[in-house]
Amino acid sequence: MPKRDDIKTILVIGSGPIVIGQAAEFDYAGTQACLSLKEEGYRVVLVNSNPATIMTDAEMADKVYIEPITLDFVSRIIRKERPDAILPTLGGQTGLNMAMELSAAGILDECNVEVLGTDLTAIKKAEDREAFRDLMNELGEPVPESDIIHNLDEAYTFVERIGYPVIVRPAYTLGGSGGGICHNEQELIETVTSGLKLSPVTQCLLEKSIAGFKEVEYEVMRDANNNAMVVCNMENIDPVGIHTGDSIVVAPSQTLSDREYQLLRDVSLKIIRALEIEGGCNVQLALDPDSYNYYVIEVNPRVSRSSALASKATGYPIAKLAAKIAVGLTLDEVRNPVTGTTYAHFEPTLDYVVAKIPRFAFDKFEQADRRLGTQMKATGEVMAIGRSWEEALLKAVRSLEIGADHLLLEEAENADAETLERKICFPEDDRLFFLAAALRRGQTIEQLHAKTKIDLFFLYKLSKTIELENRLKENPQNEEILAEAKRAGFSDAFIATCWNIDEQAIYDLRKAQNLFPVYKMVDTCAAEFESTTPYFYSTYEDENESIRSSKESVIVLGSGPIRIGQGVEFDYATVHSVWAIQQAGYEAIIINNNPETVSTDFSISDKLYFEPLTLEDVMHVIEIEQPLGVVVQFGGQTAINLADGLAKRGVKILGTSLEDTDRAENRDAFEKALEILQIPQPAGKTATSVEAAIKVATDIGYPVLVRPSYVLGGRAMEIVESEEALKHYMTNAVKVNPKHPVLVDRYVSGQEVEVDAISDGENVLIPGIMEHIERAGVHSGDSIAVYPAQRLSEQVKNTIVDYTTRLATGLNIIGMLNIQYVVDGEEVFVIEVNPRSSRTAPFLSKITEIPMANVATRVILGENLIDLGYTPGLAPEKQEIFVKVPVFSFAKLRSVDTSLGPEMKSTGEVMGKDVTLEKALYKGFVASGTTMHDYGTVLLTVADRDKEEAVELAKRFNRIGFTIMATKGTASTLEEAEIPVSQVKKIGENQETLIDYIRNGQVTLVVNTLTTGKRPERDGFQIRRESVENGIPVCTSLDTAEAILRVLESRSFELESMNASEVKQPKARV
């Protein structure tokens, strides 16, 4: 069936900011789709609010709109661009929900726009819990006994009939938002209330819990001719009850018999055909381990996180082909880009095993509830490929970057019996390590199976790994056992620990017996057909399939799994660096392990190695490829941390030298450099003990900013106001010693400014200066950034340009650098210099049209800025105003304090642009999910230090018609200033308290700067959490509140009566 020629323009809806449940996989899918549609000759219009994505690059579509994905803005784009069709199935839950909203509002009919891929009826049947259940009943496919509920009373009725436990699944939500397993009435009340609030149609499915069944997923494709095929089947190691995004997953499934596999395959194909989906679809099934009984859990009628994993696991580009199917092409017409000879309807065959392990942010959120359930909590994931499950699993473990290079975690090994039991029976993010610890202590696989319902096959494989550990320890330097351990995925570092020698000695032993990995190709067909994909994984076998080319090559290290502090921004820079290397005439090679990202799409680089980012794994690739050098600037802290080990092994680090990187990152060396350059910084010193830290703080005066050296995302950073708080920080937050010093600085509460620059060693280009709306003390990644800076004098700007130029040349930076300053009056202090790409680089690249990672890479390869056509100094500022607004995932992470400080908490970002700051901010807030009410009630409860400032804010809120509510202390201050205020009771007082007002929806905005404590029992913590749980915007910085207020003021009108007697009264605005 030829592609459709009755449509010319297609609107692709992106997925918006990165949040838990919807990460970089949709940048990968959207990028593939846009390129695929352009390849077929269609005019592509894209809307997405996330500037940190490749898909929002100008080259990806004919028209790119970085605008809020809301009904209002998408409708405007449709009316302006007049597309013939929209493709919403590549924008995750955001894209699907937007399509449903556009349809319900009549926009699609009004503008005569067709929905491609999956029609709205199919979306409704899959997403609406009631319609889905009805369809399964029609097909005769079993679903767990369930009921659709719209309120708590209906939930009670269902539980009375079925009994506990029950699973709550809200309709039209992402990553299981608001859902969970309920074992008692208290859990039922909490989960159902939260689920109904988060569901856009106020609907939840309550179903009988089938926790303990095997969870299996099928990734399927179908075209308009009703051809359907399975791309990949995947098995969750964790049984039903844990969200698939939080589960360890293996592909292909390992424990299904052929009969079970075919049974579930047939069901999946039957469902995609019944829904008449044209494109990709994910079917989740539950299989009774003791019979052939199964249940259909749910269907995602779109490209998903699992599609990205299936694409990378098989090499089969699902999103690219789904876009082609959406425009009428069929599976038997489209060639498989991997083989170039077979067609897309051939089902991929794997002759290897793939392991996926989720990456969580609990290192950032120590207070978070780590218990896993049906609501997703992981921020990212890693994937590894091996010839056996054991090998793939161990490679995935060391890809996680959690300080473990094996199934060995200190906390698990040192845990008492009670903790060990709890961690095994009630799964948390680190259960895998506790299972290994239990096996080391002699628990049997049968005992562990009874407690966890994890299949005996996986537990047996774990026990074999532990057995091999013991044999290693008993036979030091035994060549046969060394070879066996390497085949099973053991790292040199772990073997060295077993044998009590250093890692280099293991490498030397392997070298002596020529024990090195070979690289195998991912080809979708188990080598049945000729394939030319440059996509490889390592394993300890005989035949090597990766042949070094005659062309000079450069290796770029990726940034690994997405986590808070190191997000998709670094993948963006990695991809641009690869493109620049190719433009400069070299072969570009990527090493990375994140299945969600664009960088691990094999068509991006000349060669892709899907490997852990450890010294050992990276060195093996370097030894086989013999590159000109390695680029570490774009892979975040992951890549920077490898530079030292690589250099010691004789590898050339391209760009800024290791010594100069250390001068920027090592506190004492940095201070010396600043002294020579005569650039001021806030007073401070390095401390290597608790006593030293107290002395430094006493000398410079409180408050002080404390943080460990060499961190990303403000890990363990805090503003400390007293000696007692400092002692608590030093003993709880960090392990201070001479090897890991702590920096203690005077805290300057000024205006924070951020600069990204590129240096070729002589010339320095500054694309832009960004100012932060929140004052210093809030992590730059959590601040609203504004470009061009609005509040800086010309003198301050000139100083910043001067300091940036001097720092770049003085530190011998070659490539990119990011500098953070604090401005106090007309004084400028440098806070820190990062000699690498930053999380603001994609934002600044988009708005200044200077492709920073591309230019920096050309400079790293030896070109200079002037020859590349750039004038040194600050680039001319744009007329429009751009803002970068952070996006948080607090709703997914219960028990986490939402207050902002020096440690980063946001998972993603959006951009707003317009002709005024207020309009740009409005777009940014709306795109980030902040509800902007033009009137309502503001709850103010602020610390004493903020009361004076709060009075001014309250006056302005009152003037535009908002009601002010405040707790006793704040209310008294406002009354003294003659501002109308309703006093509300604090938590714990009798009668209705402020928490009741928040829960009852009587508050539209909360401004809370009350307590800095992290303990959940603190009032401020409870106020902030309740606000998040109830979808109410909460500002923990008066600067953010002022920004929202500016927007609201700009949207209000003057209202003044004509009575002469009232003319002298202050003007009211609404």
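Yeah, the Cβs are placed from backbone N, Cα and C, and that goes for glycine too.
Keep in mind the model is a prediction, meaning the values are calculated, not measured.
Features as listed in Swiss-Prot:
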REGION    1-401  region 'Carboxyphosphate synthetic domain'
BINDING   ARG129, ARG169, GLY175, GLY176, LYS208, ILE210, GLU215, GLY241, ILE242, HIS243, GLN284, GLU298  ATP 1 binding site
DOMAIN    133-327  domain 'ATP-grasp 1'
BINDING   GLN284, GLU298  Mn(2+) 1 binding site
BINDING   GLN284, GLU298  Mg(2+) 1 binding site
BINDING   GLU298, ASN300  Mn(2+) 2 binding site
BINDING   GLU298, ASN300  Mg(2+) 2 binding site
REGION    402-546  region 'Oligomerization domain'
REGION    547-929  region 'Carbamoyl phosphate synthetic domain'
DOMAIN    671-861  domain 'ATP-grasp 2'
BINDING   ARG707, ARG746, VAL748, GLU752, GLY777, VAL778, HIS779, SER780, GLN820, GLU832  ATP 2 binding site
BINDING   GLN820, GLU832  Mg(2+) 3 binding site
BINDING   GLN820, GLU832  Mn(2+) 3 binding site
BINDING   GLU832, ASN834  Mn(2+) 4 binding site
BINDING   GLU832, ASN834  Mg(2+) 4 binding site
REGION    930-1070  region 'Allosteric domain'
DOMAIN    930-1070  domain 'MGS-like'
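Everything Swiss-Prot records as a feature, shown here on the structure.
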residue : record                : DSSP class
ARG129  : ATP 1 binding site    : helix
LYS208  : ATP 1 binding site    : strand
GLU215  : ATP 1 binding site    : strand
ILE242  : ATP 1 binding site    : coil
ASN300  : Mn(2+) 2 binding site : strand
ARG707  : ATP 2 binding site    : strand
VAL748  : ATP 2 binding site    : coil
GLY777  : ATP 2 binding site    : coil
GLN820  : ATP 2 binding site    : strand
ASN834  : Mn(2+) 4 binding site : strand
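Looking at GLU215 (ATP 1 binding site) and ASN300 (Mn(2+) 2 binding site), their Cα atoms lie 15 Å from each other. When the CA atoms are compared, the binding-site residues lying within 10 A of GLU298 (Mn(2+) 1 binding site) are ARG129, GLN284, out of the candidates ARG129, GLN284, ARG707, GLU832. Distance between Cα atoms for LYS208 (ATP 1 binding site) and GLY777 (ATP 2 binding site): 48 Å, as a whole number. Considering only the binding-site residues ASN300, VAL748, HIS779, GLN820, the residue whose Cα is spatially closest to the Cα of ARG129 (ATP 1 binding site) is ASN300. The binding-site residues recorded for this entry are ILE242, GLN284, ASN300, and the Cα of ILE242 lies nearest to that of VAL748 (ATP 2 binding site). Spatially close to ASN300 (Mn(2+) 2 binding site) yet at least six residues away along the chain are ALA126, CYS281, ASN282, GLN284, SER306, judged by Cβ distances under 8 angstroms. Comparing GLY777 (ATP 2 binding site) with GLU832 (Mg(2+) 3 binding site), their Cα atoms are 13 Å apart once rounded. Per-class residue totals from DSSP over the domain 'MGS-like' (930-1070), listed helix then strand then coil: 58 helix, 23 strand, 60 coil. Secondary structure by DSSP for the region 'Oligomerization domain' (402-546): 78 helix, 11 strand, 56 coil.
Comparing local CB density within 10 A for the binding-site residues ILE242, VAL748, the maximum falls on ILE242. Looking at the residues that bind ATP 2 per the record, ARG707, ARG746, VAL748, GLU752, GLY777, VAL778, HIS779, SER780, GLN820, GLU832, the two CA atoms farthest apart are separated by 18 Å.
Distances between the Cα of ILE242 (ATP 1 binding site) and those of the binding-site residues ARG707, HIS779, GLN820, ASN834 are shortest for HIS779. Within the same chain, the residues at least 6 positions away from GLN820 (ATP 2 binding site) whose Cβ sits under 8 Å from its Cβ are GLU752, VAL753, GLU754, VAL755, SER780, VAL830, ILE831, GLU832, listed in sequence order. Between the alpha carbons (Cα) of HIS779 (ATP 2 binding site) and ASN834 (Mn(2+) 4 binding site) lies a span of roughly 14 Å. Sequence-distant neighbours of ASN834 (Mn(2+) 4 binding site) (same chain, 6+ residues apart, CB-CB distance under 8 A): ALA664, GLU665, LEU817, ASN818, ILE819. Of all the binding-site residues listed here (LYS208, ARG707), the one with the fewest other CB atoms within 10 A of its own CB is LYS208. For the binding-site residues GLU215, GLU298, GLU832, the greatest number of Cβ atoms within 10 Å around a candidate Cβ is found at GLU215.
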